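The structure appears below as structure tokens.
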Amino acid sequence: MAAENGFLTQFVDETTFYNRIVLSHLLPANLWEPLPRFLQTWLRSYLTGNLFYFISGFLWCFYIYYLKRNVYIPEEVDFPTADTWRQRMVTQFVDETTFYNRIVLSHLLPANLWEPLPRFLQTWLRSYLTGNLFYFISGFLWCFYIYYLKRNVYIPEDSIPTRKAMIQQILVAVKGMPWYTLFPTVSEYMIERGWTKCYSTLDQFNWFLCFVYIVLYLVIVEFGMYWVHKGLHDIKFLYKHLHATHHIYNKQNTLSPFAGFASHPLDGILQAAPHVIALFIVPVHLITHMSLLFLGGIWTTCIHDCIHGNIWPIMGAGYHTIHHTTYKHNYGQYTICMDWMFATLKVPVAEDNGLHQKAKFD
């Protein structure tokens with residue numbers, strides 16, 4: 001204890017010495033000696049900070065701009081203005097999306113069918129074709145795996161959806177696909193116009209900041225999708241005319257990976273809107289935005305297969321199946337966090353019967 005007090009006394013003596021050295025050379029004693037030690041220390045830091053800032057700045061500017069004029073710094077440097085920088089960003093966005101259009105469309109259509117189209121229509125056509133390919137390939141492969149190769153392993157026999165139910169879901173999804181894919185097309189148009197905080201190169205932020213912004217982007221998306229989804233249930237007009245189309249699949253034997261996009265087009269657009277709203281709030285890379293939209297599509301497929309993965313805090317299919325059967329729980333998209341925060345979470349209980357895991361809903 002005595003040793004600790006000795007150290008504290010040394011600290012006080014040392015900082016008092018620094019205060020006296022600085023303040024006695026810069027101010028009359030009657031201005032600073034009556035002050036408490038805390039204010040003396042702040043005053044010393046404030047004065048030395050200003051002195052350092054101005055002296056170092058003026059000396060260095062005098063040296064490089066006058067004594068060594070035109071040696072280190074050219075006489076006229078074309079520093080980009082904010083408008084010039086934004087124009088470069090817009091050009092990079094246009095070049096990048098043009099590249100994606102060419103990669104996809106040149107492999108799927110003859111050049112004379114898509115090259116004469118305006119860029120907006122080319123982008124929509126690329127989104128529409130890739131959206132359909134993704135929907136059918138992922139849906140068929142996943143259904144083939146869980147309903148045939150692993151039949152009665154993940155899904156009990158009486159919970160496998162009928163072929164008729166899946167065909168009905170596909171027909172609804174196909175009708176909505178032109179409108180679903182119009183949404184990312186519009187988002188890319190806004191990005192290309194420079195209206196959002198989206199960026200195209202990593203030289204503006206370090207990797208840590210990029211990671212922080214991605215996390216913030218996902219938090220905003222999760223928060224927005226929760227409340228949009230909840231609103232589609234709580235507002236009777238929206239539920240009746242929009243969301244009810246998706247909720248005709250309200251039992252395990254009517255849900256399948258094809259049900260993810262079987263909804264009213266405006267319903268799907270509203271639930272995806274937070275992805276674009278977040279672009280006006282948080283800076284994210286163009287590829288990050290496009291990748292998360294794509295992953296959102298994959299996730300929408302996965303959470304309708306009724307297989308409860310039970311990975312905390314992921315909003316797996318077990319949680320979403322409860323949502324389809326109770327209508328008032330588990331509104332979240334990727335995680336259970338928002339449902340936990342706003343008291344709408346209902347947790348599935350898994351039971352192993354030796355053949356498969358069957359979700360019981362309390």
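Positions of Cβ are set from backbone N, Cα and C atoms, glycine also.
As given in TrEMBL:
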TRANSMEM  46-66  transmembrane segment
TRANSMEM  128-148  transmembrane segment
TRANSMEM  205-228  transmembrane segment
DOMAIN    215-344  domain 'Fatty acid hydroxylase'
TRANSMEM  276-299  transmembrane segment
Exercise. Do any residues of this chain, six or more beyond the ends of the transmembrane segment (276-299), have a C-beta under 8 angstroms from a C-beta of it, and if so which?
Worked result: 93, 96, 131, 134-135, 138, 183-184, 186-187, 190-191, 195-200, 202, 204-205, 210, 213-214, 216-218, 220-221, 224, 260-261, 333-334
Seminar exercise, completed: Secondary structure of the domain 'Fatty acid hydroxylase' (215-344) by DSSP, residue by residue, totals 88 helix, 3 strand, 39 coil
